[in-house]
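Okay, so here's the structure we're looking at.
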Amino acid sequence: METVVSGIRPTGNLHLGNYYGAVRAFVQMQHEYNCLFFIADWHSLTTHPKPDNIVKSAHTILAEYLACGIDPEKATIYIQSDVPEVLELYLYLNMNAYLGELERTTTFKEKARKQPDNVNAGLLTYPTLMAADILLHRAVKVPVGKDQEQNMEMARKFSRRFNNIYGVEFFPEPQSFSLGERALKIPGLDGSGKMGKSEGNAIYLIDDEKTLTKKVMRAVTDAGPTEPNSKMPEPIQNLFTLLGIVSTPDTYEYFLGKYNDCSIRYGDLKKQLAADIVAATAPIRRRIMDLSADEEYLKKVAVRGAEKARESARTTIDEVRKIIGFGK
Ligand code: TRP
């Protein structure tokens, strides 16, 4: 079975965009691949040197992933800082990573611009740590968004370079894994663009019915179509996109008909949409609540995940030591 690795930075709660755009596909993938999903808490120190409650943030993500259906019996789910082996690989890769190429990385330049008082070496070597995360398990597929493409290129470069320097065929070249049709682009409800935490338009899986309904009812609309079968402006298209995901085909057709004959009332559409999002996410929300309250269980999952990840990591590190020449 091919190995898949993906890291998630522990920056807050999962929203509908994360769920339909990635996590739901991860849940399917765990049956088809040897999957390792980890929470990149060390990475977060590059931007947040004094995190508020690093264990709690990691456990929040852990609870939400489990609630979405990641099965710790099928996939390995672990917290990065529980698997120190990655640091050794990070060190070796850093010995063959060059200042120029690290400085040229777009994400580095962006972050350096954003936090000019904290342009630290961790930020510079973020791509090396990410490559180490992936190569640690000799993963071949990495499901990530387009924004990670450059980091993925670096990972491939570091992999090739290691093999070349030591004259081995040890690390594979990890490929970005497009989730294809399994990943849906979830629009925001503020008129244009996608749903995102930083966009401030996110509907979170943990939002209760009242919060969620309020967010949907505030969605941007317009005065409505004046001519039959007119093209939908983006804000309306976005509402229909969501409706297509969470509602039944009948409901979708019903409102589409109303739009096309100009009798649509957006208030009704939003009410239905809110109710259907509530229904679609309620079981997940309940599981998040239950899991978050069960600290013991979360700890157990994290410990078991770390054990599995360390086993896989150990195999790689032992080989790497031999390849470089450290003896046993
Ligand atoms: N850089 C990724 C992000 O910002 C997170 C990440 C860290 C990652 N290590 C990884 C993703 C390894 C995939 C594989 O989202």
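Placement of Cβ uses the backbone N, Cα and C atoms for every residue, glycine included.
According to TrEMBL, Arg9, Pro10, Thr11, Gly17, Asn18, Gly145, Lys146, Asp147, Lys194, Met195, Gly196, Lys197, Ser198 bind ATP; the candidate from Ile186, Ile206 that the record adds to this site is Ile186. Under 6 Å, Cβ to nearest atom of ligand 1: this is the test, and of the binding-site residues Arg9, Asp133, Lys146, Met195 it is passed by Arg9, Asp133. Within 10 Å of the C-beta of Arg9 (ATP binding site) there are 16 other C-beta atoms, taking all protein chains into account.
For the motif ''KMSKS' region' (194-198), the DSSP counts in helix, strand and coil order read 0 helix, 1 strand, 4 coil. Long-range neighbours of Asp133 (L-tryptophan binding site) (same chain, six or more residues apart, CB within less than 8 Å of its CB): Val5, Gly7, Phe38, Ala40, Gln80, Val86. Residue counts for the motif ''HIGH' region' (10-18) under DSSP, split into helix (H, G, I), strand (E, B) and coil, are 3 helix, 1 strand, 5 coil. In sequence order, His15, Leu16, Gly17, Ile186, Pro187, Gly188, Leu189, Asn201, Ala202, Ile203 make up the list of same-chain residues 6 or more apart from Met195 (ATP binding site) whose Cβ falls under 8 Å from its Cβ.
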